[in-house]
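As annotated by TrEMBL, domain 'Endonuclease/exonuclease/phosphatase' applies to A:29-276. Per TrEMBL, Mg(2+) binding site is recorded for A:ASN34, A:GLU59, A:ASP173, A:ASN175, A:ASP275, A:HIS276. Taken from TrEMBL, the feature active site covers A:TYR130. Look at TrEMBL and you will find A:ASP173 tagged as active site, proton donor/acceptor. Per TrEMBL, site 'Transition state stabilizer' is recorded for A:ASN175. Per TrEMBL, the feature site 'Important for catalytic activity' maps to A:ASP246. Taken from TrEMBL, the feature site 'Interaction with DNA substrate' applies to A:HIS276. Summarising the annotation, TrEMBL assigns active site, proton acceptor to A:HIS276.
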Amino acid sequence: MAAPGLRRRALGARFRALTQEIFMPFTLATWNINSVRLRAPLVERLLGEEAPDVLCLQECKSPVEKIPLETFRALGYGHLVARGQKGYNGVAILSKLPLRDAGDRDFAGLGHARHVAAELENGVTIHNFYVPAGGDVPDREVNEKFGQKLDYLAEMRDWFRSDRPGKSILVGDLNIAPREDDVWSHKKLLKVVSHTPQEVAALGDTQEAGHWVDVTRKDIPEGQLYSWWSYRARDWDAADKGRRLDHVWATPDIAGAGHSSRILRAARGWEKPSDHAPVFATFDL
DNA sequence: ATGGTAGGTCTCCTA
């Protein structure tokens, strides 16, 4: 039998080990960067100023081998799981924490680099998505791209239905603003691709199939919330005609650990910006 | 009702 003092210290160590095991908070951000090579300085600025543990990028528009990993590694981000192609699409997960490549899927058979998954050492899987934008006309009979977007979402839905995810986070540019307060004008955008009832229903089916919790809206349930402002506006900030296209979802087993969601609107005003702002969430896991 | 900007690539596609 150990002396009372020793026993107390041993319990203290066990308590510390236990609490550390339970509370290992990590912060995650998702950002459509619109060319990771052109905007490598902006990525560096975000990593330097905000220091998320994990940064998921979309629209890298670069083959994986041309992503400037060494500049990011110098800031402590030595781990990369990515898929790329020349000129279009491309998704990357950049991390301070070790990652295991957990594969990718080619939904709707497009042959595009629009999904990649990685697993953290705590067993959490991160899915990074770039859902097709869907073209201009919300009618698959006259616009093939709109059909591809709906097919992409349907195949995501079917996958989550057949293989229900657990301990998972899904982020990315989903190219749909589902709620009325996710767009600057619900009424004016009802026939605009990204906010049509058909797309909102498709996204809802995909979310429901995986029992995904919208972590951003769990944290910020009220009010207008945007993550994208068009380049075409004369003054994006004053006009504020935004949409919430970028999302952070989590499975119910870990969604309760998510908190401190925010959108870094300021990044939309940086020099030569992306048209998207980064979305953040922290998970105590 | 219209056109407005941006990036990559190779002259126009995509967002």
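The backbone N, Cα and C atoms fix where each Cβ goes, glycine too.
Feature map: TrEMBL annotations on the structure.
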residue  : record                                  : Cβ contacts under 8 Å, 6 or more apart
A:ASN34  : Mg(2+) binding site                     : A:GLU59, A:LYS61, A:SER274, A:ASP275, A:HIS276
A:TYR130 : active site                             : A:ASN32, A:GLN58, A:GLU59, A:ASN89, A:GLY90, A:VAL91, A:ALA113, A:ARG114, A:HIS115, A:GLY172, A:ASP173
A:ASN175 : Mg(2+) binding site                     : A:VAL131, A:PRO132, A:ALA133, A:GLY134, A:LYS149, A:SER194, A:LEU245
A:ASP246 : site 'Important for catalytic activity' : A:THR30, A:TRP31, A:ASN32, A:VAL171, A:GLY172, A:ASP173, A:LEU174, A:SER227, A:TRP228, A:ILE263, A:HIS276, A:ALA277, A:PRO278, A:VAL279
*Which whole number is the mean pLDDT over the domain 'Endonuclease/exonuclease/phosphatase' (A:29-276)?*
98
*Just counting, how many other CB atoms are there within 10 A of the CB of A:ASP173 (Mg(2+) binding site)?*
28
*Using a 10 angstroms cut-off on Cβ to Cβ distances, just flag whichever of A:GLU59, A:ASP275 is the loneliest among these binding-site residues.*
A:ASP275
*Taking the center of the Cβ atoms of A:ASN34, A:GLU59, A:ASP173, A:ASN175, A:ASP275, A:HIS276 at the recorded Mg(2+) site, which other residues in this chain have a Cβ no more than 8 Å from that point?*
A:ASN32, A:ILE33, A:GLN58, A:TYR130, A:TRP228, A:LEU245, A:ASP246, A:SER274
